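A quick write-up on the structure given underneath.
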Amino acid sequence: MELKWFFYEFTVNIIEALLAYNMLKIFFRRKIENNLKISLIIFFQAGIVQLINLYFGIASYYGLLILIIINILIYYFILEGNLMLLILSIIIYMVLLCFIEILSVKILTFFLNITPDVMINENIYRIIGVIISRGFIYISIIFLRNKKLKNKKINKYIYEFIIIFIINLFFIFIVFNIYKQNKFIERYWMLLEIITFSIIIFTIEIIKIFKYMTDYCNKEIEWLLKESEYKTQINYVKSMHELIFKLKAQRHDFNHHISCICGLLEMNQTDEAIEYIKQINSDISEIDNIVTINNVVIESILNYKLSYAKNQNIKLGVDVHIPENLIIKSVDISILLGNAIDNAIEACKDLEEKFINMEIYNKHKYLIIKISNSKRNKIIKENKQYKTTKDDKENHGFGLKNIKYIVDSYEGLLKIDESENKFTINIALKNED
């Protein structure tokens, strides 16, 4: 290989590594924030690909297998997330790259009247093909980024899709290997055309099925959340009915209470009268502390949850201001607040010093929610997922996953602050069209 083509191939490998990294960044967070380190890793990755192509040749099956393994190791080192989902994403990128490569070959061979094997050799046609194919990849990445696909879930069928896309990738490599054989192309060009178009159609159908199943999995998650919230709403309604009944009962008994107090005072039983008043005040305070705001859904959630918290002798601090133009769906705000308050209650209800402070207000077109609570257990992180120790893990962990799902749905922000004895969840939800 001439030196100029060596540097050309190396440059192409760097571009491909950058494209892969930018595509995977759409779905995964970075472990390494230092851009210089990332650049060096991408440079190293391009060098490995160069060595594989030099040793095994272009479109080698052994080279493909080694390349998949190396890519998995590299991106697992620099990106955070589910390993199987990362493997699937890497394979999908490689399928997308090879698929667009085949399309580019077909387009150029048709318009320039050349055979596919010509584009494998070192010439201007190969450069044109690379520019077209990598350009399409770049456009695809921009499209994916604009579609905001971070929330897509496919864990339920991840193993099946990994196998399907690997098979698809090897089929594409079969076509590339056929392209390298000029004699085969001349003798069986019609068969090659059929195979090529079959691979193209197969790949398109696989991508369509993948998209359908991804959408289905997301819908399934939404259905489960809404089903859970529907059951919770029933409890909210029951709670409000109980409070309304208690209010009516207290009003009905008001004259009776006044008569009893007057009777006790007339008998100079002051201490008994004071104790009687305290008991009445205790019953009434439960209703006095009910939050009154201009949103029925949020009001019912807070009334229900805070009433339970008060019964657990948790000190409450509530400052809620809901904007009139709230565009966030009622079911979503219900899921979010319900899980957040449940987590807070669960974390502090058995402590000596137990409190929950909550603020809700609108700021710069975002609905801000801050909920803090006292805690005892150290909350640990595992793969960017917050988990607690054994007693608290299930409640806090699952609730935070639901909260994060809702936050991501509204292009929001989720920040968690933790000190030795205090846990605070900060949420910002986009409240504009």
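Keep in mind that glycine also has a Cβ here, set from the backbone N, Cα and C atoms.
What TrEMBL says about a protein is an automatic prediction, not a curated fact.
Per TrEMBL, the feature domain 'SpoOB alpha-helical' maps to 235-290.
For 329-429, the entry in TrEMBL reads domain 'Sensor histidine kinase NatK-like C-terminal'.
Among the features that TrEMBL reports, transmembrane segment is placed at 6-24 (among others). Below 8 angstroms of C-beta separation, residues 38, 42-43, 45-47, 49-50, 53, 71, 75, 78-79, 86, 89-90, 93, 97, 127, 130, 134, 137-138, 140-141, 144 of the same chain, each at least six residues beyond the ends of the transmembrane segment (6-24), sit close to that stretch.
What TrEMBL records for 36-55 (among others) is transmembrane segment.
Sequence annotations record features per position, and here TrEMBL assigns transmembrane segment to 61-78 (among others).
The feature transmembrane segment is assigned by TrEMBL to 85-112 (among others).
Sequence-distant contacts of the transmembrane segment (124-145), counting only residues of its own chain at least 6 positions beyond either end whose CB sits under 8 Å from a CB of the stretch, comprise 8, 12, 15-16, 19, 22-23, 26, 96-97, 100-101, 103-105, 107-108, 112, 114, 118. Annotation comment: TrEMBL describes 124-145 (among others) as transmembrane segment.
With a cut-off of 8 Å between Cβ atoms, the residues of this chain six or more beyond the transmembrane segment (157-176) that come close are 58-59, 61, 64, 84-85, 87-88, 91-92, 94-95, 98-99, 101-102, 192, 195-196, 199, 202-203, 206, 210, 213, 217. Under the heading transmembrane segment, TrEMBL lists 157-176 (among others).
The transmembrane segment annotation in TrEMBL covers 188-210 (among others).
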